[in-house]
Ligand SMILES: Nc1ncnc2c1ncn2[C@@H]1O[C@H](COP(=O)(O)OP(=O)(O)OP(=O)(O)O)[C@@H](O)[C@H]1O
């Protein structure tokens, strides 16, 4: 029997369980929160809940029967939980709770011992993963890389891995979308997998957190945990199974189907569940959990009570928890790894105080203990770098990784120079202060900076357009129709998004919003919608600028100029990820010119290096008429709503404050409610709105035809569209304009230096890295 329950933002499923007899089941009258929930695996793709309707951390519960009990108050739902004796009698069903991200697959399906599974399915990494062979990686991770088709390490991964394995603290700076998560994630997972058995607590003990990853936004934290969990899950795929990374929608299904097939051949029971992370004694060898704002308190407690080896968190929420959870605070004091992902952004989002508090907890005295034997201990795992290494992480010490696509050179230099006793200089930035508080063991943490010049990735086509502020809606609409594709539009304010969204909807553009004032569930839902429609538009504030790995974002539009150069780089980084092509457009109003100039100046560039996007003015004028009408409709609708709202609001507020409205006010409201002038006014607004909507509908139904085109005689006109049809360049949204990729028709440039060369040969700087598109 299966049922679902929902409470707060955490929606869970009760998984199919054997029907328990009333006799065996214990009627506990439990609430949903008292049930033994456990984490359920989610599709890997960006970790934001594909196919789960944008849910935040899915949980499931086994061995619970849902019954409806007749009471005086009517039918009431009760939960019957099978007690322990019953479970043994029914075959000792796995009781251990899996942690976030690990699948709920039954124990017999799980890989009990990694070395055993390696024997069962020989995996020759020299042949299968030659590019990774020189790195020390746990065999399970090699399998995971192979299964995910990550055949080549990215440059930041190549640079980071050997140093991280030697125990170095690392500051890593590399372009957006270049695989930084695994650059720090692989060394952590390697260490944890290699030491899984030695750290395994007894079944009653809570797992200590060994690695803490701090991320600035909830979405990014969830994505990182999902990325690492995917790696662990792929680690237990049988050899030869591949995860389809190019198809986010099917990735996990494919993996699970293939998994079932292979199992079937081996005369084992056919299973349909996705592979679980490697397990030991029924528990995942390594567990990764995320704790972020927007999650219910009970759920967060459950996640932490199960324990996790890797905790991914946003600083604000983590600090709230730490204050109430001494055990966790103690664990943070003894971390083995600390990661700051997008450290610079954490300061921007006002997490400084929480970050500062958390970092203080991680500070510790150097111990002179023997070097932890982690790397030398296991001969099969030792590769050349480690054998050569005389370094290592001493027992009780913590290794620190700081990653971002944008960390100033000054800061990098400071970090490199300072020793343990280094004191922050007065007048440094908040980020300087914060990073200088980090407990780097190394007097010289390794700084790996392979960020491209000017912060722009080689596969990105940047463009700009100059227009009046008032025309930006029309220009945006133009771009969306002229170059259809998945488009992320950045605005500087939430109010701006609230204004633009209904206009886009009236213009029949599938647009969604993403900003901090939306509920978490809605944020994830909108992200899912954006990901599942190749023509969707996401109107976002800079909450979406960092780290989000949404596959195949074709275009990024800076509707408003970003406040900082870093924000420009990170916003652009949502497209052209992982060596895919991307396009960005900066909309610049006359009063923004100075800001743009300064912004480019701080990137060491000039504005006119960026080519202009051509605009067909005839077409633009037609679009302006539509936009204008949509705006008017929106304003009128707003007025209509506001009229109603104001009256109700006034009365409600008076009631809440227990004050009487004066008689004039009362009678005016009553008159209006009785249908006097205001009702008439409303009616007239509503008629006007209907008329305007009908007019807009008519306009939207008309094809947009370029000047000089005859749609009646397709072979005539100054631009015969028959030729376009034959050449396969026919543009359905704007008849007469060739269908082309955004960025392929840019005009006027002043290409200079390295950037110009990169554009001529986009892969020049990535000689080592050709894996993504193959
Ligand atoms: N070695 C690899 N080969 C192929 N794809 C990879 C490899 N490593 C990571 N990826 C994929 O590349 C994409 C980008 O990775 P990731 O999100 O870690 O980038 P990032 O550098 O952190 O970006 P940002 O700075 O925007 O946060 C992900 O979809 C990831 O699965």
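Even glycines carry a Cβ here, placed using N, Cα and C.
Heads up, TrEMBL stuff is auto-annotated, nobody curated it.
Among the ranges 169-196, 197-224, 225-252, 253-280, the one that TrEMBL lists as region 'Disordered' is 253-280. Looking at the stretches 607-633, 634-660, 661-687, the one that TrEMBL records under the feature region 'Disordered' is 661-687. Looking at 67-96, 97-126, 127-156, the stretch flagged in TrEMBL as region 'Disordered' turns out to be 97-126. In terms of DSSP helix, strand and coil, the motif 'Q motif' (130-158) has 16 helix, 0 strand, 13 coil. Across the domain 'Helicase C-terminal' (471-618), DSSP assigns 67 helix, 25 strand, 56 coil.
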